[in-house]
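Peer 1: To start, I am sharing the structure in question, which I have written as structure tokens.
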Amino acid sequence: MDYLCFRALCCKGPPPPRPEYDLVCIGLSGSGKTSLLSQLCSESAENIVSTTGFSIKAVPFQNAILNVKELGGADNIRKYWSRYYQGSQGVIFVLDSASSEDDLETARNELHSALQHPQLCTLPFLILANHQDKPAARSVQEIKKYFELEPLARGKRWILKPCSLDDMEAVKDSFSLLINLLEERDFEPSRM
């Protein structure tokens, strides 16, 4: 018996595998989805082109790997988003906080649709108010009020954070909060 205790304390094997989570990343074209994900994967920021269909990136973190399915945000693609929701364990919604009123209204409608979609409505959401480095950027409080997040998302697990490519540490911290929500979800009795 003592041998087993000693072995458990001193002879550790390889570290346990990191959990993997499948996420969907949505937002209008130009919101910065591709740039943020590329930076998180330590890819070059040069020659980034808007996603026209979808792309999948494995985003490594110390305590988890996020398999992110990024869906293009163009008008003609958004109507197909729901076809890619199945199997998602969480949602990343990126919005351009410095966009025009019209684009902000469209983003709001798309977020509302996602929050109410049967395949997403119970999942944790990370909402990133991107382009905070631009002079026209709206604050997180303005976004929360305009998007009516308090009443709409009541009872849901969501995080709204400001971000920009200039502060990738803040972006990583936001993703860490999402990972915490995903881990909490893993331990819910209803999932067992």
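One-based numbering along the chain as shown.
Heads up, the Cβ atoms here are built off N, Cα and C, so glycines get one too.
Whatever TrEMBL says is automated annotation, not expert-curated.
According to TrEMBL, the protein carries these features:
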BINDING   G27, L28, S29, G30, S31, G32, K33, T34, G73, N130, H131, Q132, D133  GTP binding site
BINDING   T34, T51  Mg(2+) binding site
Peer 1: These are the binding-site residues: K33, H131. Which one scores highest on other Cβ atoms within 10 Å?
Peer 2: K33
Peer 1: Compute the C-alpha separation of G73 (GTP binding site) from T51 (Mg(2+) binding site), stating it in Å without decimals.
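Peer 2: Computed Cα spacing between G73 (GTP binding site) and T51 (Mg(2+) binding site) is 8 Å.
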Peer 1: What is the Cβ neighbour count of S31 (GTP binding site) at a 10 Å cut-off, with all protein chains included?
Peer 2: 25
Peer 1: Enumerate same-chain residues with a sequence separation of six or more from S29 (GTP binding site) and a Cβ-Cβ distance below 8 A; give 'none' if the list is empty.
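Peer 2: In sequence order, the residues whose Cβ lies under 8 Å from that of S29 (GTP binding site) (at least 6 apart) are S50, G72, G73, A74.
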Peer 1: Rounded to a whole angstrom, what is the C-alpha distance between H131 (GTP binding site) and T34 (Mg(2+) binding site)?
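Peer 2: Checking the Cα atoms of H131 (GTP binding site) and T34 (Mg(2+) binding site) gives a distance of 13 Å.
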Peer 1: Counting across all protein chains shown, how many other Cβ atoms sit within 10 Å of the Cβ of T34 (Mg(2+) binding site)?
Peer 2: 23
Peer 1: Check each residue in the chain of T51 (Mg(2+) binding site) that is at least six apart in sequence and keep those whose C-beta is under 8 Å from its C-beta; list them in sequence order.
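Peer 2: Result: K33, T34, E70, L71, G72, G73.
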Peer 1: Count the Cβ atoms, other than its own, that fall within 10 Å of the Cβ of D133 (GTP binding site), considering every protein chain shown.
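Peer 2: Counting Cβ neighbours of D133 (GTP binding site) within 10 Å gives 14.
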Peer 1: Once the chains shown are all counted, how many other Cβ atoms turn up within 10 Å of the Cβ of G73 (GTP binding site)?
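Peer 2: There are 26 of them.
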